[in-house]
Amino acid sequence: MSGVWGAVDVGNTSIHIGLFDRADSRPLPAPTTTFSTASREPDFSPWAARLPREPITWNIVSVNRAGQAAFENWLTATRPHDHHHALDHAELPLAISVAAPEKVGMDRLAAAVGANAIRDPQRPAIIIDAGSAITVDVVSVAGAFLGGAIVPGMKMAARALAGQTDMLPEITVDVGEVPTAIGADTLAAMRSGLFYSAVGGVRELIERFTAQLNGPAPQVIFAGGDAAKLAPQMPVASVTIDHLVLGGVAIAARHAKAPR
Ligand SMILES: Nc1ncnc2c1ncn2[C@@H]1O[C@H](COP(=O)(O)OP(=O)(O)O)[C@@H](O)[C@H]1O
Ligand SMILES: CC(C)(COP(=O)(O)O)[C@@H](O)C(=O)NCCC(=O)O
Ligand SMILES: [K+]
């Protein structure tokens, strides 16, 4: 058995992969190596040379079946001695207080596992995973996943504007760019609308979740490709943890009864 395990987060934009040291006993383990590739037509080859020779066991959370199949096929073809396992909600060390836990995205649940490992146990947490979609979710003071909200991500909203109009082009909202609110041309107006509607949406959801929880102030935790754009715009303090989902997967692997 190798001293590392692999964690894989298959989202709708990216496949994020991390290697974890099995001896990492921190509440939220951090990957020693990470690699990301596009979910659509992923290319794992740049990474293959960096993997140890010994067989690795991979735990996967996926919300994109084609991306998951591409990873599993690559593994079978190039690393036939490795094992892979797609985690199920029931395998997570997490109470899931919704009627249909099997329907919740495993990335949302793995992020909740990660959040539970780092939050103040006296406070609930609000988790914003700003990826293809922006999910804003809650774990209670007791650590249970309560659900949340799902919003189109900025890139998705930009594609929708371009795809469903005649005159609007497809634009990107670049990292580090804080648009002028009053856009003086089409592109500037789109940039403003995409950015501030995402900012405002997340802010409103944080406020409403906080009011509904009606207890100690929630801790706010950001993750995902657009976290760096959104977190600085919030009126509340937050932390951004890039490896929240992968770390949650590593915790699940650590808690699993059978050695993986
Ligand atoms: N280099 C990049 N490639 C693709 N998307 C990026 C990049 N940098 C930031 N993003 C933003 O991050 C989002 C995807 O985040 P990610 O966490 O990879 O998503 P998912 O978990 O859905 O796969 C995109 O919607 C886009 O706005
Ligand atoms: C909400 C999501 C699309 C987010 O996916 P992502 O942005 O990480 O690619 C994904 O978690 C999903 O498909 N969830 C299933 C439905 C649910 O969570 O209720
Ligand atoms: K997401």
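Glycine too: its Cβ is placed from the backbone N, Cα and C atoms.
All annotation found in TrEMBL is predicted automatically rather than curated by experts.
Model, not experiment: these values are computed from the prediction.
Feature annotation from TrEMBL assigns ATP binding site to Asp9, Val10, Gly11, Asn12, Thr13, Ser14, Ile15, His16, Ser132. What TrEMBL records for Gly105, Met106, Asp107, Arg108, Thr186 is substrate binding site. The active site, proton acceptor annotation in TrEMBL covers Asp107. The feature K(+) binding site is assigned by TrEMBL to Asp129.
Among the binding-site residues Gly105, Asp107, Asp129, Thr186, the ones whose Cα is located within 10 Å of the Cα of Asp9 (ATP binding site) are Asp107.
In this structure, the binding-site residues that sit close to ligand 2, with a C-beta under 6 angstroms from any of its atoms, are Arg108, Ser132, chosen from Ile15, Met106, Arg108, Ser132. Fewest Cβ neighbours within 10 Å among the binding-site residues Gly11, Gly105: that distinction goes to Gly105.
Separation of the C-alpha atoms of Asp107 (substrate binding site) and Ile15 (ATP binding site): 11 Å, rounded to the nearest whole number.
Here the binding-site residues are Thr13, Ser132, Thr186, and the one whose Cβ sees the fewest other Cβ atoms within 10 Å is Thr186.
Among the binding-site residues Thr13, Ile15, Asp129, Ser132, no residue is found with its Cα located within 10 Å of the Cα of Met106 (substrate binding site). Its own atom aside, the Cβ of Ile15 (ATP binding site) has 24 Cβ atoms within 10 angstroms in the protein chains shown.
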